[in-house]
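Asks: Sharing the feature lines straight out of Swiss-Prot:
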- 12-18, 40-42, Arg304, 330-332, 412-414: GTP binding site (BINDING)
- Asp13, Gly40: Mg(2+) binding site (BINDING)
- Asp13, Glu14, Gly15, Lys16, Asn38, Ala39, Gly40, His41, Thr128, Arg142, Gln223, Thr238, Arg302: IMP binding site (BINDING)
- Asp13: active site, proton acceptor (ACT_SITE)
- His41: active site, proton donor (ACT_SITE)
- Thr298, Thr299, Thr300, Gly301, Arg302, Gln303, Arg304: substrate binding site (BINDING)
Amino acid sequence: MANVVVVGAQWGDEGKGKITDLLSEKAHVVVRYQGGVNAGHTVVVGGQIFKLHLIPSGILYPDKRCIIASGTVIDPEVLLAEIDQLHQLGISTHNLYIAETAHVTLPYHRVIDVAEEERRGIYRLGTTGRGIGPTYADKAERMGIRVVDLMYPDQLRERLSWAIPYKNVLLEKIYNLPPLDPEPIIEQYLAYAERLRPYVTDAALLLTQAIEERQNILFEGAQGTLLDLDYGTYPYVTSSHPIAGGACVGAGIGPTSIDRVIGVAKAYTTRVGEGPFPTELKDEIGAYLGAAGAEFGTTTGRQRRCGWFDGVIGRYAVRINGLDCLAITKLDVLDGLDEIKVCVAYEYQGREIRHFPSDARVFAQCKPIYETLPGWKCSTKDCRSLEDLPPEAYDYLKFLAQLMQVPIAIVSLGASRDQTIIVEDPIHGPKRALLYPNGRKQVHALMPD
């Protein structure tokens with residue numbers, strides 16, 4: 001195989017869970033490298049639905065080691081509930097490992113997250129309210145609680161006995177909320193610690209050993225490129241780094257250890273929460289996409305905003321992540337449409353721009369410039385090869401590959417594993433340098449000309 005990073009090429013919810021699940025079959029180790037319970041993956045196997053927030057999708061394979069790495073933030077209550085749910089479904093978690101250096105979400109993080117969002121009023125960010133941002137803020141301020149702290153009761157009690165009164169000052173003085181009682185929280189997290197103890201390890205060392213043994217490692221990102229703290233639609237972003245470079249810091253590996261980067265994008269675009277969205281559809285087509293695609297968040301249940309495919313942010317994701325290939329998901333949601341539009345550029349103050357603007361104020365004023373392609377009336381759900389696709393669907397994929405200037409390796413046509421077209425092996429297929437030996441020579445049906 002190789003060491004492969006799977007990233008979202010849009011605003012998250014692209015279907016990374018299914019793609020990671022498919023690729024996990026060839027991996028020895030699957031790593032979740034950033035984010036927390038603000039992300040959710042849905043995997044369907046044999047008609048059984050698995051909804052995961054923290055545990056890597058590879059857990060469904062008993063012979064794969066699954067690591068929750070240092071770049072994540074862990075809510076013990078949610079993590080233990082996931083473990084219990086998997087056990088109830090007959091899935092073992094003997095192959096789960098938790099980085100001792102990952103930071104821990106505490107009750108005051110969740111309270112502050114919700115209170116701060118309410119305080120922002122019309123300037124709210126649309127957070128999940130799960131305490132992710134405040135947990136990462138404590139990490140940056142060097143006052144966070146790490147998983148390793150849970151392993152030492154006296155140390156945990158000492159740290160929380162200082163941290164909770166400090167947070168109570170914020171709750172009372174800034175948010176006008178009642179203080180939290182330290183003792184129940186301390187006892188609760190001591191109990192969590194005992195249940196988590198068998199899973200806790202030096203994850204970075206474990207990965208180093210796997211790399212030295214030339215094992216195949218799959219790095220699974222949460223959220224998407226446009227939610228990256230540095231390179232997303234700031235301030236409407238998450239508090240971590242979902243981009244491919246985030247795998248190095250979050251997992252504790254060097255950049256030379258990464259062999260390939262696979263981007264996942266829907267055949268249209270969705271976004272949850274606040275922030276600019278140039279191709280958003282607020283008409284009956286947007287409602288159709290939302291209904292046909294079951295566009296409700298795994299974590300919050302919030303309805304996702306829907307729009308046409310945005311090639312501008314797509315090209316940006318290719319550049320920022322150095323994508324080698326793409327997996328296009330939910331192509332079947334477009335079944336039945338008379339025509340399909342794709343954003344190829346933006347209009348801003350009377351001029352055309354083809355790059356993603358880093359200034360949110362500029363981005364908010366961008367209007368999409370579309371190219372219109374014919375739709376198709378038949379279902380694609382049962383297609384298992386490119387030849388099975390209606391010509392219009394094939395041409396649509398070809399157009400996206402040309403627009404993004406990166407090959408499409410996987411096409412997903414439903415939630416189940418078997419509802420997939422493997423166009424080219426995304427792991428063992430040719431690298432970017434081999435795809436374009438003479439400029440942009442076409443070497444595959446779904447590679448750009």
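Glycine too: its Cβ is placed from the backbone N, Cα and C atoms.
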Asks: Within 10 angstroms of the C-beta of Gly15 (GTP binding site), what count of other C-beta atoms is obtained when all protein chains are considered?
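Replies: Here the count is 22.
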Asks: Select one residue from Lys18, Arg304: among these binding-site residues, choose the one with the most other Cβ atoms within 10 Å of its Cβ.
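Replies: That would be Lys18, with the most Cβ atoms nearby.
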Asks: Give the distance between the Cα atoms of Gly12 (GTP binding site) and Arg304 (substrate binding site), rounded to the nearest whole Å.
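Replies: About 11 Å separate the Cα atoms of these two residues.
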Asks: In the structure shown, which of the binding-site residues Asn38, Thr42, Thr128, Gln303 has the fewest other Cβ atoms within 10 Å?
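Replies: Least crowded of the binding-site residues Asn38, Thr42, Thr128, Gln303, by Cβ count within 10 Å, is Gln303.
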Asks: According to DSSP, does Gly12 (GTP binding site) fall in a helix, a strand, or coil?
Replies: coil
Asks: May I ask you to report the DSSP-based helix, strand or coil state of Gly301 (substrate binding site)?
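Replies: Its secondary structure by DSSP: coil.
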Asks: What is the nearest of the binding-site residues Asn38, Gln223, Arg304 to Lys18 (GTP binding site), using the Cα of each?
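Replies: Checked the binding-site residues Asn38, Gln223, Arg304; minimum Cα distance to Lys18 (GTP binding site) goes to Gln223.
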Asks: Could you check which of the binding-site residues (Asp13, Thr128, Gln303, Arg304) sits closest to Thr42 (GTP binding site), going Cα to Cα?
Replies: Asp13
Asks: Express the distance between the Cα positions of Gly301 (substrate binding site) and Gly15 (GTP binding site) as a whole number of Å.
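Replies: For Gly301 (substrate binding site) versus Gly15 (GTP binding site), the Cα atoms are 16 Å apart.
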Asks: May I ask which residues of the same chain, at least 6 positions away in sequence, place their Cβ under 8 angstroms from the Cβ of Arg302 (IMP binding site)?
Replies: Val272, Gly273, Phe296
Asks: Mind computing the max CA-CA distance among Asp13, Glu14, Gly15, Lys16, Asn38, Ala39, Gly40, His41, Thr128, Arg142, Gln223, Thr238, Arg302, which the record assigns to IMP binding, rounded to whole Å?
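Replies: The widest Cα-Cα gap among those binding residues is 34 Å.
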Asks: Among the recorded positions Asp13, His41, Gln223, Gly301, which residue has its Cβ surrounded by the fewest other Cβ atoms within 10 Å?
Replies: Gly301
Asks: Need the DSSP three-state call for Leu413 (GTP binding site) to compare against my parser.
Replies: coil
